[in-house]
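Undergrad: Pulled these from TrEMBL:
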TRANSMEM  26-47  transmembrane segment
TRANSMEM  53-72  transmembrane segment
TRANSMEM  93-117  transmembrane segment
TRANSMEM  129-146  transmembrane segment
TRANSMEM  158-176  transmembrane segment
TRANSMEM  229-250  transmembrane segment
TRANSMEM  271-295  transmembrane segment
TRANSMEM  311-333  transmembrane segment
TRANSMEM  354-374  transmembrane segment
TRANSMEM  386-405  transmembrane segment
TRANSMEM  510-528  transmembrane segment
TRANSMEM  540-561  transmembrane segment
Amino acid sequence: MEQAAGCAAVGGSYPQKNAEILSSQYGINLFLAGLLLTFAWAVHAVGISKSHLLSYLITLMLIQLLWMLWYLCRSCTQRRLIQDKDTHAGARWLKCGITLFAVITLILDSFKIGYYIDFSNCLSPTEGIFPVTHAVHTILQVYFLWCHAKDVIQSFKTLERFGVIHSVFTNLLLWTNGVLTESKHQLNEHKERLITLGFGNITIVLDDHAPQCNCTTTTLCSIFSQGIYYLYPFNIEYHILASTMLYVLWKNIGRKVEHHQQSKTPFKFHGITVGMIFGLMVLTSTIAIVVVYLIQIGGSKIKSELALTMFYLHAIFVLALMCTAGIVALLIYRLEDRSLDNSKNPARKLDAELLVGTAAGSWLLSWGSILAIICAQGHPKYTWYNLPYSVLVIIEKYIQNLFIIESIHREQEKVNDDIKTLRIVTISRGTTLSLTPLYKEIYNGRATRDSGDIPCLFKGSICGRENDGAGVAREEMSQDNSLVMHSASDFSFCRGNSVTNNKRRILKNIAAFLFLCNLSLWIPPAFGCRPEYDNGLEEIVFGFEPWIIVVNLAMPFSIFYRMHSAASLFEVNCKT
């Protein structure tokens, strides 16, 4: 009988496994078709226009909107249908982050609508429909993720797998479209900057698909066209975050969840002052460097070289500090004896894979720069700073990945039972004025006042013990003996606890510092400060077109890595 039940369970898993395989293949084919359509538009393929690409994206968004509305309606009518929740998925700070990016994405959509209105004479209607559809899609998707990111779906599993994976790859295609549009806009600017540095032999002509008509309102057109490309980095981050949260939801479909509550780990500023101060100093200086870089680069050869030198020196200093902080954190971990949490956790597994996978983008660019420096025949002075910068990028991400992955896999430190059973006792003239019930008693829903052995609260040289009014003399007589009995163990415990607290404080400061540093290093490439484009040495060695292709492929992963690392370090800080 047991064997028959086991066979039935195994047999029941096959349809769900097939549904997972079929849905993943559906999503991949959906993405590849959109990717080829995007590529065809980018290279001016015959018969493919931007309206075809936008029509495809609009269709995908409408299908996702229908699925999300159906899911939300079903959840409202059958509230008890989905009971299991993945406490690790959809953290509140992650939801707040994606909401911030979504709000800026809505501003971007409004700029696109205004841009379409000004150029409506020569733009396809799909360019006006797309931002409206995208705005509705963004609002509903953020609401969906806020309400259902933690769901572990146990009904309509086959249908839901296709709906969720469709949403994942729709967001990935929207991310790809944003990356391509933003990259095409910057190529002409980078070409002009290279010419000012003396690389005049670059003669490639680039096309940014500008409208072939005049704007109805010149001032507004300029504001819309320039503002759109400054907002694209936030749109890009929004879609990649949405796709990762939806992917975790997809992996959780049909999963058996262990029924235990995860302890809440709120973020606190207490104890991380040093890390925050140094991190804010790095953030402030980085913003200043980016502003000066964007003003100086392309102005003249001297100004461009000074801007590149300034950027490299600042980045070398910051990366060296980050390497040092990461090494110190890893050394502290080596001194601790704490086991790793190897339980099944799709969100944590995805975090680790994304860290290593997206870091490969920066590593590719860094190795390209190192090879260019080694192989180039001529070396302008500023290019030599690129060598330590590229080496430090590789080392820093190697160390930081190790620190983050080990941190998110470490089991949270359990509070000692002796601490949980301590009573907070206020002593005045040998009598108890206030008494807090036992933690275990409150936890178990009772507050009994047993007369057994009551643990002693040791703080400094004071050991307060509970006593009744009639036993004051007896308590005074036994006070010396009580102190002798408890002093050795209490002193040992307090000393060990003090060392542990010092380690935790150092780790929290390191996590806070690295969090702000990663935000700082996200800003330059996200807003056009990209020396990989501007120094010119790689273009001479590899050729302009090949190197631009490499940068355009690797840069989005490099940008996402910094934002994802910042999010992971925020979680590390909360858990530590």
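Every residue gets a Cβ built from N, Cα and C, even glycine.
If you look at the structure here, what lies around each of the features I listed?
TA: Within its own chain, the transmembrane segment (53-72) has Cβ neighbours under 8 Å at 30, 33-34, 37-38, 41, 124, 126-127, 129-130, 133-134, 136-137, 140-141, 144, 147-148, 160, 163, 166-167, 170, 173-174, 177, counting only residues six or more beyond its boundaries.
Within the same chain, residues 123, 127-128, 130-132, 134-135, 138-139, 141-142, 145-146, 149, 216, 220-221, 224-225, 227-228, 231-232, 234-235, 237-238, 241-242, 245, 267, 567, 570-571, 574 sit at least 6 positions outside the transmembrane segment (93-117) and bring their C-beta atoms closer than 8 Å to a C-beta of that stretch.
Residues 307, 310-311, 314, 318, 321, 505, 508-517, 519-521, 523-524, 527-529, 573 of the same chain lie 6 or more positions beyond the ends of the transmembrane segment (271-295) yet place their CB under 8 Å from a CB of it.
Away from its own ends, the transmembrane segment (311-333) comes close to residues 278, 282, 285-286, 289, 293, 382, 385-386, 388-389, 392-393, 395-396, 399-400, 402-403, 406, 410, 503, 506-507, 510-511, 513-514, 517, 520-521, 524, 529, 531 of its chain (Cβ-Cβ under 8 Å, at least six residues beyond either end).
Remote same-chain partners of the transmembrane segment (510-528), defined as residues 6 or more beyond its termini with a Cβ less than 8 Å from a stretch Cβ, comprise 186, 189, 230, 233, 272, 274-276, 278-280, 282-283, 286-287, 289-290, 293-294, 311, 315, 318, 321-322, 325-326, 328-329, 400, 403, 407, 555, 558-559, 562-563, 565-566, 569-570, 572-573, 576.
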Undergrad: Tell me whether the transmembrane segment (129-146) sits in contact with the transmembrane segment (229-250), defined here as at least 3 Cβ pairs under 8 Å among residues 6 or more apart in sequence.
TA: yes
Undergrad: Take the C-beta pairs under 8 A between the transmembrane segment (540-561) and each of 229-250, 354-374, 386-405. Which stretch has the highest count?
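TA: Between the candidates 229-250, 354-374, 386-405, the best contact partner of the transmembrane segment (540-561) is 354-374.
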Undergrad: When you scan the chain for residues with a C-beta under 8 Å from the transmembrane segment (386-405), skipping those not six or more beyond its ends, what do you find?
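TA: Same-chain residues near the transmembrane segment (386-405) but 6 or more away: 312, 315-316, 319-320, 322-323, 326-327, 329-330, 333, 351-352, 355-356, 359, 362-363, 365-367, 369-370, 373, 514, 531, 535, 537, 561, 565, 568-569, 572.
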